[in-house]
Amino acid sequence: MTEEKTPKQIVELLDKYIIGQNEAKKSVAVALYNRYRRLQLPKQMQQDITPKNMLMAGPTGVGKTEIARRLAKIVDAPFVKVEATKFTEVGYVGRDVESMVRDLVEEAVRMEEKDQFEHVKMQATKKANNRLVKLIVPGIKRENRENSMQQMMQMLSGNFNMNQPQDNEEVTDAIRNERLSVADQLNKGLLENREVTIEVEQAPKVNPMGDMMGQMGIDMSSLMGDLMPKKTVKRTLKVSDAREVLIQEESKKLINYDSLYQRAIERTQQNGIIFIDEIDKITAGNKKTSGEVSREGVQRDILPIVEGSTVSTKYGPVSTDHILFIAAGAFAESKPSDLIPELQGRFPIRVELNALTQEDFVKILKDPQNSLLKQYIALLKADGIKLVFTQEAIDRIAQIAFEVNQGTDNIGARRLATILEKLLEDVLYEGPDMNMGEITITQKYVDQKLSDIIINKDLTKFIL
């Protein structure tokens, strides 16, 4: 996180995507900025300052998940969303709670790898182009016993790569000149559609046993991969596609993965955010039926992770002491006090998110960056159609969404997506075949498309 992103600036960035819920935005912004403050303190004091985990309570579709997800993107932090109901108590079949930390590390590794790929891209592209030149204009092979034995040893060790031209080739002046010509054409982009045959590493098959080992922090695929040669398959690709494959290969050779994994672990420990959804579903307020896995048992399993513990992963041990946990739930049939007291104490910041009003729906349709209306306008623009919504139509859509939520299940802003899809289904279907330059959605059109469904309560439940 950078020093420039103060709590106020974080809230301003969240405002671009999320309407209302100012209290929740302020709380997450302060919790996040406290991480930066902690890193400015002496090392000894840093260890004693733990993150102020947060508990969000509010109906579905009001922005709980979106606030956390956008927050992670703003500060470029590893983020995972998990559902509390997916976990089972230790001793039962199912995902153990430590898997959320392993998922977070995987996300951090992916982010670090992406950063490193960008860092070495120019160098990797140059190497990939050199390999393409040698694949398009191969040298004259010179086989001898020594080289054959060397290749056999490389294959047994898993290091042999058919894409990599071998040293035992003879390059004549004619071949050298042709390669220079091909290299020049590649640089000018003249050979992008030409086909070339390369060897591509075959994706390993999913092994259920490997998944079980992964939950224990053991990477079976890595262990077996070091012992067994990598399987490859021949593929004929366009030069443009083959280059991307070779760039990936060359990038991996240029990256120091031991160092990358260490940085990923550090990134997880200092910046990681875990969003635990549906925490209300594992409270005592939701009574357990006979034979059901103990909900309190899951809470007690989550407790040490949130309190701060060390989890074994295939990249190394990860401390959860400074990971920020955000728990959320509707709490329609229970309340936060139904959580076990120890877990309540680990979420000192409580935020209640408000149900969305009709005015909120109007703003959600129009104001956010890449709002729903902007998305549909952009989609139909691809067909050469200019889609226009009148203000009266927008107000009517918001009114319908609010009334349907009140009359049936309240699913918050998600109702808008359902209504818009029904409203625009004919336009989306016929769009590619229409020659109309502009389509205006009026209040009258909204009423025509949706009035029958709204009047019939049974249809409303099934369609909207």
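Each residue, glycine too, has its Cβ placed from N, Cα and C.
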- Item | Listed in Swiss-Prot for the ATP site shared with I19, G61, V62, G63, K64, T65, E66, E342, R414, one of D115, D277, D280 | D277
- Task: Count, for each of the binding-site residues E66, E342, the other C-beta atoms lying within 10 angstroms of its own C-beta, and report the residue with the smallest count.
- Result: E342
- Query: Non-local Cβ contacts of I19 (ATP binding site) (under 8 Å, 6 or more apart, same chain)?
  - Reply: G63, L356, D360, K363, I364, D367, P368
- Row V62 (ATP binding site), column other C-beta within 10 angstroms, all chains, value 26
- Maximal Cα-Cα distance (Å) across residues annotated as binding ATP, namely I19, G61, V62, G63, K64, T65, E66, D277, E342, R414: 34
- By a simple count, how many Cβ atoms lie within 10 Å of the Cβ of K64 (ATP binding site), its own Cβ left out? 25
